[in-house]
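Visitor: Starting off with a structure, shown below.
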Amino acid sequence: MTPPLEKSSVAAVEQLARDAGAVALRHFEALSTVPVESKGHLDLVTAADQDVERFLTEGLAKAFPEDGIFGEEGAAHQGTSGRTWVVDPIDGTFNFVRGGDQWAISIGLYEAGQPTFGVIFAPLRSQILVGGIGLASTLNGERLAQRSGLDSSRASCGVGFHPVIPVELRLETLRFVLEDAGMSFRCCGSATLSLIEVALGQVDGYLGIGESSWDLMAALPILDQIGIRSTVDWKNTDLSSKLRFACGTPEFLQAVAPIVDFGATLEP
Ligand code: IPD
Ligand code: CA
Ligand code: CA
């Protein structure tokens, strides 16, 4: 069984996330001068994403020299320990570029073929979530409550679509959520922020179509400790897979089962 991450390592990653937040905020405060490039239609990347990823990569390599690092903006360092840090330097870049507050730094640990630990920091919301195997999940140091059930009179589903997802699939997904599952939906443009909403019980679960490992690696182990399960089959998913997944209370997962099979990935 995977042991819990040592206290000193937890504190080091938490501090790294806060420091990376400060780097991101410096860019955010100078938004009008931050160069923005396009990876695809409505899929943006900025100097802030690259700078924060570099900062995280250097910090993780220093703290955990034997571990691998895998990041959205290209970090790909093979370690020798069997552990890999999976980072999304800014999840919610579109919101960041538009001056919104729904973006976060996400640092997850992948070990023995599964997510085991995560830290998420949303600087403009002053929210830091920490948790993982054998550890209590916390928000700003306070223990998060366990989540369960699905109250049909107020059921709500977070949704996220990668920019490449065809309109038809988005509409069919939303039709299912609204009509078949009878839920409301919330879409904020950052998988991580949506997963914070799951952690806080503001929605019952999340449907992500086209997400990547770095969008989830930090949040899933935090959520798992409070009773939130996911459909990702890590045994058959590699870090580069594009996912079609759900996570939520067991009752939520049952409600969305008709459109998200366990272990589903995005069809090419
Ligand atoms: C995106 C956001 C979005 C999700 C996309 C991601 P980025 O990440 O998390 O909510 O639906 O699939 O690519 O590009 O802002 O890091
Ligand atoms: Ca992302
Ligand atoms: Ca990103």
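Counting begins at 1 with the first residue displayed.
Positions of Cβ are set from backbone N, Cα and C atoms, glycine also.
Note that TrEMBL annotation is computational and uncurated.
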Visitor: From the candidates ASP215, ASP224, ASP233, give the one listed by TrEMBL for the same Mg(2+) 1 site as GLU72, ASP88, ASP91.
Guide: ASP215
Visitor: Indicate whether ILE90 (Mg(2+) 2 binding site) is helix, strand or coil by DSSP.
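Guide: The three-state answer is strand.
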Visitor: Using the Cβ centroid of GLU72, ASP88, ASP91, ASP215 as the reference point for the Mg(2+) 1 site, which residues of the same chain not in that list have Cβ within 8 Å?
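Guide: For the Mg(2+) 1 site, the extra neighbours are VAL87, PRO89, ILE90, SER106, ALA191, THR192, SER212, TRP214.
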Visitor: Please report the number of other Cβ atoms within 10 Å of the Cβ of ASP88 (Mg(2+) 1 binding site).
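Guide: Counting Cβ neighbours of ASP88 (Mg(2+) 1 binding site) within 10 Å gives 31.
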Visitor: Check ASP215 (Mg(2+) 1 binding site) against DSSP and tell me helix, strand or coil, would you?
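Guide: Where ASP215 (Mg(2+) 1 binding site) sits, the three-state DSSP reduction gives helix.
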Visitor: Provide the number of Cβ atoms within 10 Å of the Cβ of GLU72 (Mg(2+) 1 binding site), excluding the reference atom itself.
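Guide: That number is 21.
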